[in-house]
């Protein structure tokens with residue numbers, strides 16, 4: 001009897017392992033391939049379907065926002081560009097009209113706005129509806145960052161409130177205001193989050209916490225709505241003014257190693273394709289994608305690697 005018990009305890013794990021290898025792994029692999037490579041192609045909307053769609057892009061005065069605006073304008077969309085710097089927005093609009101002969105002055109709406117102010121958010125939506133009577137795509141791109149060593153805050157956590165106001169609460173406010181219009185048009189929201197919203201990262205407790213809040217809100221909202229597509233984008237390091245404007249707590253400019261940064265144009269191309277294919281979440285770096293899969297299995301390893309990578313991205 002004892003001998004049979006030994007055989008059972010040795011044999012049962014072996015049977016389970018055989019079951020996993022021979023049945024579960026092949027099914028899981030096929031499902032992974034279908035979800036990540038086949039289904040997006042089947043869902044992909046043709047470029048021609050974007051003609052006359054109404055698009056709002058925040059943080060559009062430079063970088064990713066400006067590149068997205070240009071590319072949506074080329075697709076024939078009616079584009080609203082929003083930012084705090086009116087002069088820079090006008091330059092972006094002028095570049096549209098100069099570079100793309102098919103884009104007319106009336107196709108681009110420029111709105112100056114501080115999205116941490118609810119009145120500016122309301123004004124943005126009212127002007128878009130007044131001009132075009134609908135909203136099809138919203139790109140929430142405005143944001144700010146900071147590098148802070150938590151132990152050196154000296155009692156002042158205002159930078160945390162500032163980051164949350166722009167990176168999180170402004171997105172919630174704007175989404176609330178456009179929600180009914182997007183439901184009517186079966187529209188899309190593109191949220192520019194960050195890898196800092198996927199991984200806790202050294203020196204980025206303020207920025208990372210705001211981006212984790214963004215991820216939580218829009219993943220939850222996706223479960224509430226059937227008529228609005230939500231695509232969350234997690235870029236890596238992009239060659240934009242965002243990094244040029246990044247400062248430490250004492251106001252000093254942060255020097256970055258930009259050798260492996262992605263261009264804003266390449267980033268924008270991937271974002272537009274992800275929305276066309278109905279992608280739920282776009283992680284734009286290979287390291288980020290691998291880390292996302294491994295985080296649940298090897299959390300200590302991922303913490304070590306993110307700390308090393310984050311520290312190496314800042315010049316000493």
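Keep in mind that glycine also has a Cβ here, set from the backbone N, Cα and C atoms.
What Swiss-Prot records for 1-18 is topological domain 'Cytoplasmic', and it gives sequence analysis as the kind of evidence. Per Swiss-Prot, transmembrane segment is recorded for 19-39. Annotated topological domain 'Peroxisomal' per Swiss-Prot: 40-316, in sequence order. Under the heading NAD(+) binding site, Swiss-Prot lists 56-80. As annotated by Swiss-Prot, substrate binding site applies to 194, with the evidence given as similarity to another entry. Per Swiss-Prot, active site, proton acceptor is recorded for 207, and the stated evidence type is sequence analysis.
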Where residue 207 (active site, proton acceptor) sits in the secondary structure, as DSSP reduces it to three classes:
helix
Tell me, roughly as an integer, the mean pLDDT over the topological domain 'Peroxisomal' (40-316).
90
Per DSSP (helix/strand/coil reduction), residue 56 (NAD(+) binding site) sits in strand
List the same-chain residues at least 6 positions away in sequence whose Cβ sits under 8 Å from the Cβ of residue 72 (NAD(+) binding site), in sequence order, or say none.
50, 53, 55, 57, 79, 137, 272
Rounded to a whole number, how many Å is the Cα of residue 68 (NAD(+) binding site) away from the Cα of the residue listed as 'substrate binding site'?
17
Under 8 Å by Cβ from residue 60 (NAD(+) binding site), same chain, sequence gap 6 or more:
66, 68, 69, 81, 82, 83, 89, 92, 141
Express the distance between the Cα positions of residue 80 (NAD(+) binding site) and the residue listed as 'substrate binding site' as a whole number of Å.
23
Going by DSSP, is the residue listed as 'substrate binding site' part of a helix, a strand, or coil?
coil
Could you tell me the C-alpha distance between residue 56 (NAD(+) binding site) and the residue listed as 'substrate binding site' in angstrom, no decimals?
20
Between the Cα atoms of the residue listed as 'substrate binding site' and the residue listed as 'active site, proton acceptor', find the distance and write it as a whole number of Å.
9
Near residue 64 (NAD(+) binding site), which residues of its own chain have a C-beta under 8 A away, given they sit six or more steps off in sequence?
141, 192, 235, 238, 240, 264, 267, 268, 271
